[in-house]
Amino acid sequence: MYISLIFFLSNHFPPLISIPIFIFLSFSSPTNYTHLKLKKMQPSGDPAPEKEKEMTQPKVSLLKLFSFADFYDCVLMTLGSVGACIHGASVPIFFIFFGKLINIIGLAYLFPKQASHRVAKYSLDFVYLSVAILFSSWLEVACWMHTGERQAAKMRRAYLRSMLSQDISLFDTEASTGEVISAITSDILVVQDALSEKVGNFLHYISRFIAGFAIGFTSVWQISLVTLSIVPLIALAGGIYAFVAIGLIARVRKSYIKAGEIAEEVIGNVRTVQAFTGEERAVRLYREALENTYKYGRKAGLTKGLGLGSMHCVLFLSWALLVWFTSVVVHKDIADGGKSFTTMLNVVIAGLSLGQAAPDISAFVRAKAAAYPIFKMIERNTVTKTSAKSGRKLGKVDGHIQFKDATFSYPSRPDVVIFDRLNLAIPAGKIVALVGGSGSGKSTVISLIERFYEPISGAVLLDGNNISELDIKWLRGQIGLVNQEPALFATTIRENILYGKDDATAEEITRAAKLSEAISFINNLPEGFETQVGERGIQLSGGQKQRIAISRAIVKNPSILLLDEATSALDAESEKSVQEALDRVMVGRTTVVVAHRLSTVRNADIIAVVHEGKIVEFGNHENLISNPDGAYSSLLRLQETASLQRNPSLNRTLSRPHSIKYSRELSRTRSSFCSERESVTRPDGADPSKKVKVTVGRLYSMIRPDWMYGVCGTICAFIAGSQMPLFALGVSQALVSYYSGWDETQKEIKKIAILFCCASVITLIVYTIEHICFGTMGERLTLRVRENMFRAILKNEIGWFDEVDNTSSMLASRLESDATLLKTIVVDRSTILLQNLGLVVTSFIIAFILNWRLTLVVLATYPLVISGHISEKLFMQGYGGDLNKAYLKANMLAGESVSNIRTVAAFCAEEKILELYSRELLEPSKSSFRRGQIAGLFYGVSQFFIFSSYGLALWYGSTLMDKGLAGFKSVMKTFMVLIVTALAMGETLALAPDLLKGNQMVASVFEILDRKTQIVGETSEELNNVEGTIELKGVHFSYPSRPDVVIFRDFDLIVRAGKSMALVGQSGSGKSSVISLILRFYDPTAGKVMIEGKDIKKLDLKALRKHIGLVQQEPALFATTIYENILYGNEGASQSEVVESAMLANAHSFITSLPEGYSTKVGERGVQMSGGQRQRIAIARAILKNPAILLLDEATSALDVESERVVQQALDRLMANRTTVVVAHRLSTIKNADTISVLHGGKIVEQGSHRKLVLNKSGPYFKLISLQQQQQP
């Protein structure tokens, strides 16, 4: 029908009228028909299935991806687009010259000398065209690379800015650190890829498509119209592929985020994981999360194969139609052979360009899906954004705070009411203490004052103004906060204190450090205030971190001070002086103090007793104790009784429970094992990493388990690639036949058309099989690499995790990016490489058979083509590593800021974080322009050589014909085949940047996989019938991250089997280092650590740790249920054993009071539980393990008085006949220990039982006891 219509139009209407008619018929009718057909297939009235919603909803428009382009970016994009369009249009222009040369070469039989002269002239025109291509391709690559980097940097900043301004409730229920790392590491990289080179490539191919058709219409419009009728079919195939791909990509991303969250959490709690030998369990959970990506990845491979196969199938069918229709055009004398042939070539190349644009369209589809959660977060409205626009700022702050009928439940648990119409008045300038049991709601008061949450009803007033109407940043600027678990950032001590006041002077910083009693330990550090504290302050002891946090609050000089167990992590000596400093700071300020230990709040102006979300008593210390039946008096008696039971000779209260953490500081809980490490900085001259050399053989050895998929995919890729030179051969054969008689032409064209139809079916089959095989192999590779990397990471010693490049955020980022890019290089790019390899091999075989002389000349030009791309590759290699490192540091900062979101919000540090983040992005942004310029120039040079070689080939072909060494037929066929080869080589070499990135990622992967942990069992000997004798003999020890700071020198310690040993002393004296050495988190530099008389270096590491139970000062829980967290102690335990452990740890009662009981999710790092609840779950976990050796690091520190008494009794029962090492600041908790060792400066300065040590009135133990006695009521 279409063919008849074309001839009818060509005979009765001029082109200007007939072309619009045909275009209308081509694009209206089929499209409408298809639309109706699709509508008919959709059942009316039925709600869309959930699966379809997932496919269609998570995407943004293509234009929205460019939301961050400014005027300079618009200029760059305009110039880059102009360059891409000129570059793309150059191929159709080349075929105009080529068509003229065909006619000239055809005249060579009649006028050989004139023909040679004219061929030389047109060959020179090819050189001029090559120069234009050089500059346009340079402009294309340089501009798009630079603007892509710029826009991605702005998107990263906007995403982090929005994330930091979110309501805190979002982080309790939806957002996680893993999700942020995934978005910044992976999703924005996907968007950046689409915004930079992919847009340039797309415009390049689309301009080639448009130019090809435009030139075709001006030459022989009938041929172009026939081809145009195929376009809707190609577009439909591409559209269906894109539609299905979006849903699959979104699902794969969701699975990757879940896996990333598991990895980030496990690495962050690596000490707990290794202590409980939970490495294999963590790997199993990680693998299970990745298995969904494997399932959806296989479907994505099938979809891609069918999509690309369908498009190429349609293209082959269109070539069959074109070859036949062109012969009819020539036969009817509508156009000559040369003109018809070049028109056909232009249209074919235009059609091919659509196929070549398919990967770019695929990149846009991925970018639209990846950008959806990014833009959703950026555009999400929050209280912070609203208050910045409409919130008021008070001219003066007196500090009067009032809770008026405040009702509140946490968004993550709306069915648990915390406050029901709470009324509380906090007078201006007064100190108000909140006391009560764990979980009573004390810390929630602080959360509401800080406006981390909004009350459901009622109001919180500041000086009579509802704080919900105030500017939230201004409000938080008036408040100073010290949390129970101090959140520090991975920078220097000075920078951490500056979070309190960004423009503080050196004198103000020093004064704050003096007031908080931090100046002494800071001055003892080799780098003083410039000491790096490590990720979340991991290089400092708990007491040191707390003092820096107090310094940060002091330097802020706030009108309102909120203290949540501010001195809980300090030793007795420091606590007294810090408490005195805080007493001075609190004068004249409205202060809210949350405390369990009543001795710290007896001087408060007002004490409010909180019980189950109600204020049950209110008054000062004297008034409250005057009521013997009151709640406060009961709490006081309970503490005194607990103290007297432990130590009747000293009438004091030494309990140190922390407050409830219902306000949930989302900081990474870390053990205090590193308490004596002063800095994470590497010693001078240390080599941070060794470059890993990766051979191609080793690279592909990673896919050896899937060799069957690889072989099958490779064969199909070869077949798919080899079809292109065969197509070129068929087309050139058609050209030659156009100059024969009509009968001969019909015979040849029929054969060629049938071959093309067969090729279309083969193409569909091989593309589908190829992408199914490579898709499956890619997902299996990604799963295997991620699993092996994760396992290898967890095998490393704890000292490795202390290094600045191995923080949890950075390692999670590497797992995310390295494996994905490895899949890209080994699988995605391999399909193109293998196809092009099949193409090149087939092309050269055919070309050498047809005309070896011409083939050799063309082959001689290839080194010039390749050299341009090699230069580009070498240049990119020089900068790739630095950029990857810069992004890793930026990702670490982003992850850290989100995990410490409450501290960031409380100190209004959002802008400071963004400034630091922008600083980390500065280097890649600066170098992007330079990289783009040089990469573009080298790319342009290689393109120049490719097109110049065409001119050389045609000139040499005419010379061979002139000398009678070749005929017209062989020259045309050879030239057509070699054109296809050159295009394929250009495409292959254009992959150099991607191959380079992949090579760097592979090196990064093998760097982790090949690293041998420095702590391994020298033999596989296991301990049986462990009684528990521990001995440290002649131990010398320094932390690997700071070898110049000696912790122990010739240290000796013996813990007898079944006995308890308590380690006491000031913060930083070496107590927690003993636990680290027993667990073999570190090895001594000299001396031995022995259990049962055996050097633990010679024992199997996991077997050793199975006999050791651990309860840390800061409990580390996992984002699963309470039941699963307790079960972590013994995976094979029964339900009754889990419940019994919880009962012994005094956790059963609060667990059963929760709506979901043991199935309650604890949240990321236990964020949904209070501090006391987290600690009891951790104790239950240790009880369930039933170890021979028990290590307690302030195990009851987070409990209220009543819970502590019961839990201490449970621990006493657990410690019976079990070797126990207890680390404690509060001496009341270790009175019953068989032996007490007093540590000072890494030495045991006194040792004995409590009864013996208190007799020595001048001894260090008695001094510590006396100091604590003075601090009690």
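From the backbone N, Cα and C atoms, a Cβ is placed for every residue, glycine too.
Feature list (source: Swiss-Prot):
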BINDING   Gly1065, Gln1066, Ser1067, Gly1068, Ser1069, Gly1070, Lys1071, Ser1072  ATP 2 binding site
DOMAIN    77-366  domain 'ABC transmembrane type-1 1'
DOMAIN    710-997  domain 'ABC transmembrane type-1 2'
CARBOHYD  Asn466  N-linked glycosylation site
CARBOHYD  Asn651  N-linked glycosylation site
CARBOHYD  Asn806  N-linked glycosylation site
CARBOHYD  Asn1217  N-linked glycosylation site
CARBOHYD  Asn1256  N-linked glycosylation site
TRANSMEM  66-86  transmembrane segment
TRANSMEM  91-111  transmembrane segment
TRANSMEM  126-146  transmembrane segment
TRANSMEM  209-229  transmembrane segment
TRANSMEM  230-250  transmembrane segment
TRANSMEM  305-325  transmembrane segment
TRANSMEM  345-365  transmembrane segment
TRANSMEM  711-731  transmembrane segment
TRANSMEM  752-772  transmembrane segment
TRANSMEM  832-852  transmembrane segment
TRANSMEM  934-954  transmembrane segment
TRANSMEM  975-995  transmembrane segment
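Overlay of Swiss-Prot annotations on the structure.
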{"residue": "Asn466", "record": "N-linked glycosylation site", "contacts (Cβ under 8 Å, 6+ apart)": "Ala459, Val460"}
{"residue": "Asn806", "record": "N-linked glycosylation site", "contacts (Cβ under 8 Å, 6+ apart)": "Asn796, Trp800"}
{"residue": "Asn1217", "record": "N-linked glycosylation site", "contacts (Cβ under 8 Å, 6+ apart)": "Gly1058"}
{"residue": "Asn1256", "record": "N-linked glycosylation site", "contacts (Cβ under 8 Å, 6+ apart)": "Glu1246, Phe1262"}
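Most Cβ pairs under 8 Å with the transmembrane segment (711-731) belong to 305-325, among the candidate stretches 66-86, 209-229, 305-325, 345-365. Recorded stretches compared: 66-86, 209-229, 345-365, 752-772, 934-954; the one with the most Cβ pairs under 8 Å to the transmembrane segment (126-146) is 934-954. For the transmembrane segment (345-365), the partner stretch with the highest count of Cβ pairs under 8 angstroms, out of 66-86, 209-229, 305-325, is 209-229. Asn806 (N-linked glycosylation site) carries a helical DSSP state (H, G or I).
The DSSP secondary structure for Gly1065 (ATP 2 binding site) is strand.
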